[in-house]
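*Asks:* Per Swiss-Prot, the features are:
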type: BINDING; residues: C6, C9, C39, C42; note: Fe cation 1 binding site
type: BINDING; residues: C124, C127, C157, C160; note: Fe cation 2 binding site
type: DOMAIN; residues: 1-53; note: domain 'Rubredoxin-like 1'
type: DOMAIN; residues: 119-170; note: domain 'Rubredoxin-like 2'
Amino acid sequence: MARYQCPDCQYVYDESKGEEHEGFAPNTPWIVIPEDWCCPDCAVRDKLDFVLIEGSTGEKNISSNNTLSVSAKVSSSDVNTEISNTTMSAEIALDVATEGQHLNGRKPRVTNLQSGAAFLKWICITCGHIYDEALGDEVEGFAPGTRFEDIPNDWCCPDCGATKEDYVLYQEKLG
């Protein structure tokens, strides 16, 4: 297993340990981490800026079915389903880059603005950044009307680098 270091803040991603806060279980190889992932400590550097400091790349160990089994511990309550301290397992299909290829970026689908469903606001529990579905976020590439659930799961908060999982439904207080 390899270790990769952020050149700015010296954060180290260790494949053998993973990064559960970011959604990467132990033994998650560097190659399956999304290309647009950013450093969880400083949010200044992207994956491509990290430096291999120990071990070798595990690209040859990716299975041909492009599937990764993930087990994650949920440590805070989910607003909608009230999940708390539960272990969840999931099987995630991955686009795996082979030598000489790049992962294909995908744009989220945009919900029809005329659908009649109310747009919601989501707040980052780490820094307070608010994502408003009605406004979208053109800097991040999300058109007005882009639903939060349509944003890629590997998206990071543009202000602090927190994961999408660190956002909760924002409810404005009236009066």
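Every residue gets a Cβ built from N, Cα and C, even glycine.
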*Asks:* According to DSSP, does C124 (Fe cation 2 binding site) fall in a helix, a strand, or coil?
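*Replies:* C124 (Fe cation 2 binding site) sits in a strand per DSSP.
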*Asks:* Which residues, in sequence order, are found in the same chain with Cβ within 8 Å of the centroid defined by the Cβ atoms of C124, C127, C157, C160 at the Fe cation 2 site, excluding those residues themselves?
*Replies:* T126, G128, H129, P158, D159, G161, A162, D166
*Asks:* With Cβ-Cβ distance below 8 Å and at least 6 positions apart along the chain, what are the contacts of C9 (Fe cation 1 binding site)? List them in sequence order.
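*Replies:* The answer is C39, D41, C42, V44, R45.
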*Asks:* Out of the binding-site residues C124, C127, C157, C160, give me the one sitting nearest to C6 (Fe cation 1 binding site) by CA distance.
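*Replies:* Among C124, C127, C157, C160, C160.
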*Asks:* A 10 Å Cβ contact count, applied to the binding-site residues C124, C127: which residue has the minimum?
*Replies:* C127
*Asks:* I want to verify one value. Collapsing DSSP to three states, which class is C157 (Fe cation 2 binding site)?
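*Replies:* DSSP assigns C157 (Fe cation 2 binding site) to coil.
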